[in-house]
Amino acid sequence: MYPIVLLSVLGIVVLYLGFLKSKSILLPATLLFLVVAMIGNFFEWNDGELLYFKGMFAVNKLTLTFNAIVLFSAFMIVAMTQGFQDNEEAQPAEYFALMLFSLVGAFMMIGFENLIMLFLGVEILSVAMYVLTGSDKRNLRSNEAALKYFLMGAFATGIMLFGIALLYGASGSFSLNGIESFVTLNQRSPSYLLYAGLLLVLIGMLFKVSAAPFHFWTPDVYDGAPSIFTAFMATIVKTAGFAALFRLLSHSFSGIYDFWWPTLSILTVLTLLVGNIIAVYQDSFKRMLAYSSISHAGYLLIALTSMTKQTENAILFYSMAYSFATICAFGVLIPVAREKSLEGRPNESYEAFNGLAKNNPLLAFVLTVSMLSLAGIPLTAGFWGKFFVFSSAVERELVWMIIVAVLMSAVGIYYYFRVIMAAYMKEGDTATIRIAPFYKIVLIAATLLTILFGLAPGLFEAAM
Amino acid sequence: MIQPPAIPEIIQLIPLKSYLILSTALFVIGIIGVLTRRNAIVIFMSVELMLNSVNLLLIAFSSYRSDPTGQVFVFFIMAVAAAEVAVGLAIIVMIYRNTRTIDINFLKKLKG
Amino acid sequence: MSLFLLVLIPLLPLIGFVINGIGFRHIPKGAVGVIGSLAALGSFAASVAVLLAFKEAGSQPQIVSLFDWITVGELSIPFSFQHDQLSLLMLMIITGVGSLIHIYSIGYMKHDEGFGKFFAFLNLFLFFMLLLVMGSNYVIMFIGWEGVGLCSYLLIGFWNKNTSYNNAARKAFIMNRIGDLGFLLGIFTIIATFGSVEYTEVFRQATGLPIGDPVLITITLLLFVGAMGKSAQIPLYTWLPDAMAGPTPVSALIHAATMVTAGIYMVIRSNVLYTLAPETLEVVAIVGAATAIFAASIGLLQNDIKKVLAYSTVSQLGYMFLGLGVMAYSASMFHVITHAFFKALLFLGAGSVIHAMSDEQDIRKMGGLRKKLPITFITFFIATWAISGLPPFSGFFSKDEILAHAFEHNKLLWAVGLVGSAMTSFYMFRLLFLTFFGTFRGTHEQEHHLHESPASMTIPLMVLAVFSALGGVIGIPEALGGSHQLAEFMSPLFDNSRQANPEAFMPISLSHSEEYMLMGVSVLVALLSGIAAYVMYISKASVPAPESETRQGVQRAVYHKYYVDELYDAVFVKPMRTLSNLLASFGEFFIDLFVDGTGRLVKALANLGRQTQTGSTGYYIFAMVVGIMVILFWNLLIK
């Protein structure tokens, strides 16, 4: 609860700070505000289950942990912006404020107890992201990405709203508890309003987490948006989206598991196939990361489809591992692409990484660890993420799904290792890239965390 | 003298099914608009039509159940839609400035 | 004290990796080699100390729990090491042979610019391999398993300027992944069945199950798929010959002595499960025997010195699986040990030859090297003698024990093994004769350059030669007046199996005379093959035709001597050559087709999938709407 209030207010403060002549205060201020929000987040750590706004918003350990992951990711991404100092046209105050506001949306998605809150959260997050996607105003690619994201996002919102309306029509309530009691009462007699409503809401949310066949926006938007905001989208939107999906399905609709799991399982497999296979053909590292994010949505969906006691833990751990690794990947991509820029545009292809290790061992190492983690190689956090996800699927005996997933992760090796090969094995000359010390610290911290959770995944649970 | 019926009862003169069919029809018209149009603004208008069909549906349900939360939700949708309009039009204007067109078929640089 | 030593074993290589990995640009070359080798040697010393302590303490298996690792629901996985007879034996091989190969690499890789990187990877490999054998549960084993696969990938692709090397690396990794899929599913099935991954707990519960329980068969088959990938059994073996693209010490360490035996380690470790699943054991035996003869026959006509050794490795691994399949667990382990010695020696010897020949690997361009490389020659000769199964060297004892068990189990398997053994002897002597005897067939420049390798390379050769020659001592069978210390040492490992399936664990019922006869037959067959090789490649000094000449040229060279030759040619050489060529081109063709085909299929699909991403917003929304309609219709109307 505190982070929502804090960030809403502090976001406005950031906007006012934008009036100051010196822009250099913005970055430290924003980072400070994020730390404040993080501290606020843990104020309610020991309070058990809390409800706010007449039971429309819930706070418990699970939501707080999700909040913490989101906040931590945001902190790292904001730190990597370096205050947009090298870009004269940038409006850092607006960007930072929008990021903080969008976090508020993410928190609402994580802790919603009422579909109104879910809708508001989704919209707050999305509208901010539309703007940030198009923030590179003179760049046609950024423009195109923003328009695509906006049109498709608005369309998906429409679908989700129609679903919410149908759910309301069926159960007479927007609250998760109200819907749950309706579902348990009518488990035997199917209500088509309820079923159609559930499916449409699911589709709306699956769009946000880019599950196939609603993934089409993802590669284009991730590709066109400025890299720093792509990192934001790939981590925070995805984590919040899965938190919301988990809450919805585990809370209200666990009673009709038999109805929704077949659909979700087919979409899961489709997502895995689409994400992993198309990624093989990419020449752009950034676009590959977009497809990789689709494929990771597939792995997370496995946990969601199996919906066992372990699912909660699996989704938490997986989104954390995925977020850290993705942030590292973008953290390396941004300076490398800038260094190798072609015709004034950052070069985001695989070739840009050729021979990176020679003069930039740190960047190459960070990149390697993040790729290993994304590929799910042992002793990185990503391995345990996959392990937990698969073991929850084993409990439901969804073996065929695991087979697809493991085969697809073998395909994943191909495109993840390509960049490692490029960095270490290929010939190429990259001058030593200068990186700000704080940036370096963030990269090292995320890498160390990836390794640490890879060595001792028990730590994460102990922390909870 | 005959008392005019209370408002919910008037609404109930028309069966709920009709509201459902009407708003679904509106929603589908919106979807078809999105599918067939190439002008970004018209597509956006079609999306707004979809949202309004949802509003209609919510109000019908709300009245039939004499439960105000559905109508509250409608206000939220309106407010959010307004915010979306602001952002959406800004994006469209930005694109128009750069390319002098808002035909979505010309925006195909990102693909593959 | 013991705990400290135990942790030190994997920790030292890890430290070596960190030091060399981070500082390879700054540490001078000399220091890099010393650090890497010291890490391996230190680990070896610690292993020896642990082994001694273990023996002193009465050979009781011990589980040392370091910390609680993960708890998922009911399942808890501790991070703990188990040291018992099996893991100690593996430790000795890995750290012992590993140290020698580290030292050898100092000389071999001296001129390579990636010297530091190489040692870092080598140490990392040791770390994962040690983890694999030391862990006390399947999850730690799996982590080591994946880790060694990763290092193997990095080291195969080490000389990566060449794309085909990269492809070989990728092929290895992908094929191993297929195996890993089996392993992983096996682990998950174990979790689902026993609720634990700790060896002791799993085996304790497994003994309660009936023999031939379907769950056990499933688990063991899945685990065996994993073993097939890592230990290069049919059909997942083609990566190993391709893996020879890596530097030679890597081939010796990873692709001969240690990593590829991980599959055998896994089966021996899970011997209780396998003993309870006789059907799986049949599969293991058949796959092993088939691989043994198949790979050996391909090896007959290879001309690349490392390729011959690679196929030989595949074939010897087949023997080990044959041994496992007939429940000769300790005999297989014996062969793992002796094979580690002589195959590492062969590879290192080959490395020494390649080094002297300025990176020439084609045996048709060698010849007469024994005068220039005397130490290499003698050690290579010992290793050839050993691998051919000729007494009194180590290979004789271990191979013979496997064959004796096979004989008892099924005569056909034994016959297959025997034929494979004949082939082994032939191709190994062929290799030896073509390389070291006759006249030099290379360029003048190469001839001028010929030299014996430096001491850092020859000393490991000599040490390994001693072990290859005398390694058999640990397992001299009773029939020859020995006491088979190895089998006795390992016997407690199989207590559970013996208890669960006592019938299958009857001691060898062969009488001594039968054993003598078997030994006699296999020695005779090996000797005859060796002599055949001698006749062909020394007496007649025939050299396999170069690629450009047609096959007829070879035959013309083979003809024209004696009538016997023609008969020999028609009866033995020709069918063999046809078979070998057929298998090499045909069999591999299909397997490669499958692997490459999968790769190509994925690429084609990727291209197809990529085209769905047209860039048109209208199309995207259309696809979404279609998706929505299908979902709604399916759920609401059809279902």
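Cβ from N, Cα, C; glycine included.
Annotation source TrEMBL lists transmembrane segment at C:31-54, C:87-106, C:142-160, C:181-199, C:211-229, C:250-268, C:308-330, C:375-393, C:413-437, C:458-476, C:516-537, C:619-638 (among others). Among the features that TrEMBL reports, domain 'NADH-Ubiquinone oxidoreductase (complex I) chain 5 N-terminal' is placed at C:69-119. The domain 'NADH:quinone oxidoreductase/Mrp antiporter transmembrane' feature in TrEMBL is assigned to C:137-424.
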Surrounding residues of the transmembrane segment (C:619-638) on its own chain - C-beta under 8 Å, 6+ positions past either end: 612
Cβ contacts the transmembrane segment (C:308-330)/the transmembrane segment (C:413-437), at least three under 8 Å, sequence gap 6 or more: yes
Cβ pairs under 8 Å between the transmembrane segment (C:375-393) and the transmembrane segment (C:458-476), at least three: yes
Number of helical, extended and coil residues in the domain 'NADH-Ubiquinone oxidoreductase (complex I) chain 5 N-terminal' (C:69-119), per DSSP: 29 helix, 13 strand, 9 coil
For the domain 'NADH-Ubiquinone oxidoreductase (complex I) chain 5 N-terminal' (C:69-119), the mean pLDDT of the predicted model: 83
